[in-house]
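Q: Shown below is the structure under consideration.
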Amino acid sequence: MFGALIIVFREVLEAGLVVGVVLAATRGLAGSRLYVALGIFGGVVGAAVIAGFADILSSLFDGTGQELLNAVILLVAVVMLTWTVSWMSAHARELTSQLKAVGLDVKKGRKPLTALAIVVGAAVLREGFEVVLFLYGILVGGGASAASVALGGMLGVVAGAAVAYALYRGLAAIPVKRLFQVTTVMIALLAAGLAAQAVGILQSAGYLNVLAYPLWNTSAVLPQDSIVGRVLATLIGYTDQPSGLQLIAYLATLAAVFTLSRRAAASTAPRPASSTSGSR
Amino acid sequence: MTSAFRRLIAASMLAGFGAWSAAAQTAPTGAAPAAVAPAYTPTNAAGQIEVVLKDHVFTPSQIRVPAGKRTQLLIKNQDPTADEFDSSALKVEKVVGGNSEGVVRLRELDPGTYPFMGEFNPTTAQGVVIAE
């Protein structure tokens, strides 16, 4: 039971942190919970389907099908997050002014919500795939009783969701004006971390064999497979042994996100006949 | 510091096992590696080290590879259930389905010991890669 709890907790936590950030970031958009829920549902279904084809998948592309799929999923999430940040920057004023009220116009919010639902789906799919295989393995293997595994798994889901919810509550407690800035930074870090992770996966599969050597190793200080390491890996892209290319991907994504959001904000800043429409 | 360490390793290899030399670090200009069998874990015809996972135990559980060279492991999962070859030290996470095989590609490693495990059965499925 304990083993099931730990594994399920870890995976649910990693996906849950993404969901928490997305939920907080979309608080001002009408119907955001529905979209996030759809993303979770889609991710769970996708995870079950992919788990069913695990053998076939891993034998594709010279044995790297799994890594390629993971990298593609991550990169899709990176693109969606980047786009969302720039959309939100373009609509920053509406978002912050209407956050307390009904929320932004449903029609307008549909695009970013769809993008973020895909991000949520991608996160759930990636982590859920392992949960499904693991639980299936235990149930089939019969090492532990099915009831005990089910209990452990359920506790794991609850515990992981609880931490994610705590993150969401913490973010939701931030004053509306600041919330937007905070979630923008968090989404940027999330995207950068996912980009670095995608590069890491591709490099471990034997692709992108440049700058593949670890630049430094902080696994003695903060191992990446510890709980804190995992949380930071998800939220800010912490890697205890980043390769050169991973660092480049990380910084490039951060730069892209901030450049795009600044440009979007500048191009759509309303000018109510004032002289100071600067970069505030 | 590491280069001194490498030299030490290289020297001890020359003295101990002979032959293989520090070819990995100093690209050989003409002197081919000798034919004496090194202490490395043998590979199959495809140049992969075969690792069997059965009853949630890796065999061999100690894998010796040359430092500074890319290597591949062929994980043969003979259990009916999937497992994940997982190593934060090696930066590898690879799910291998039940009764199927998966290739794990290892980057050039510094000399050292790199633990790995089967994440779904971490109590029994454990092993180390030793790069030297």
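The backbone N, Cα and C atoms fix where each Cβ goes, glycine too.
What TrEMBL says about a protein is an automatic prediction, not a curated fact.
Pulled these from TrEMBL:
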TRANSMEM  A:34-56  transmembrane segment
TRANSMEM  A:68-92  transmembrane segment
TRANSMEM  A:113-139  transmembrane segment
TRANSMEM  A:145-167  transmembrane segment
TRANSMEM  A:179-202  transmembrane segment
TRANSMEM  A:244-261  transmembrane segment
Q: Same chain only, please: residues at least 6 beyond the ends of the transmembrane segment (A:68-92) with a C-beta under 8 Å from a C-beta of the stretch. Say none if there are none.
A: 25, 50, 57, 60-61, 104, 108, 111-112, 115-116, 118-119, 122-123, 125-126, 180, 183-184, 187-188, 190-191, 194-195, 197-198, 201-202, 205, 253, 256-257, 260-265, 267-268
Q: Taking the transmembrane segment (A:34-56) as the reference, which of A:113-139, A:145-167, A:179-202, A:244-261 gives the largest number of Cβ pairs under 8 angstroms?
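A: Answer, by Cβ pair count: A:113-139.
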Q: So what's near the transmembrane segment (A:244-261) in sequence-distant terms, Cβ-Cβ under 8 Å and 6+ beyond its ends?
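A: Residues 78, 81-82, 85-86, 88-89, 184, 187-189, 191-193, 195-196, 198-200, 203, 208, 210-213, 215, 237.
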